[in-house]
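Annotated in Swiss-Prot:
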ACT_SITE  65  active site, proton donor/acceptor
BINDING   95, 97, 120  Zn(2+) binding site
BINDING   200, 201  substrate binding site
DOMAIN    4-261  domain 'Alpha-carbonic anhydrase'
MOD_RES   2  N-acetylalanine
REGION    1-40  region 'Disordered'
REGION    241-261  region 'Disordered'
């Protein structure tokens, strides 16, 4: 399998992405630092509503720079509504970002504070587009819920995901991952910040409406170590653990971050 043209090392990492993906220097890039004193409370924001059918969970895949849990997205059994959205957005995936130590790893930060990891639950606009490929590059095409993860107590709700990692140790491996509702990973409060942004790795499309939960969830040091023990190499090659896969924060460039609270 050819190595991708981007990654998280010095030679192909975030500082280099703009050479192949000029949008990396665009005006709506993610992640960002959320400066709470500069956010705007918006009374028009509705509560976030998620309805995920566990039967849509499909498989878990080691993609070399991370792992993805993918969902069947051929109908509206699993959707996100409310918040800033007038359309319904269909669940297709969740994944995580983490760092080489517990001191950093999240992509978004709050008042400069870095968290240990970040969960992304990704959806596409099924009201306007016919599939993910069509929606992925459109300004209103994607909606991603970001949940900051704070090191502390072990999070039992992560256990099914962590147990599945054994089967996908190396790049390209995939395994069935069924009967799972990712809303179980959300914090108890769904207060959120929202802003227009981008995918946080290539192709970096500026097509994401971000929903960042105000409340974090817990993850233990041991659980984070399990993320880092995944390998970015194909089976049989020298072991290269996935130490980190988080992009640094990008300038807001005049964007407003709205708060639901």
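Yeah, the Cβs are placed from backbone N, Cα and C, and that goes for glycine too.
Overlay of Swiss-Prot feature records on the structure.
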| residue | record | Cβ contacts under 8 Å, 6 or more apart |
| --- | --- | --- |
| 95 | Zn(2+) binding site | 66, 67, 68, 69, 119, 120, 122 |
| 97 | Zn(2+) binding site | 66, 105, 106, 107, 117, 118, 120, 200, 245, 246, 247 |
| 201 | substrate binding site | 6, 17, 65, 245, 247 |
Assigned element (helix, strand, coil) containing residue 201 (substrate binding site), judged by DSSP: coil
Other same-chain residues whose Cβ falls within 8 Å of the Cβ centroid of 95, 97, 120, the recorded Zn(2+) site, in sequence order: 66, 94, 96, 107, 118, 119, 200, 245
Secondary structure tally of the region 'Disordered' (1-40) (DSSP, helix then strand then coil): 11 helix, 3 strand, 26 coil
Per DSSP, three-state class assigned to the residue listed as 'active site, proton donor/acceptor': coil
DSSP-assigned states of the region 'Disordered' (241-261) in counts, ordered helix, strand, coil: 0 helix, 3 strand, 18 coil
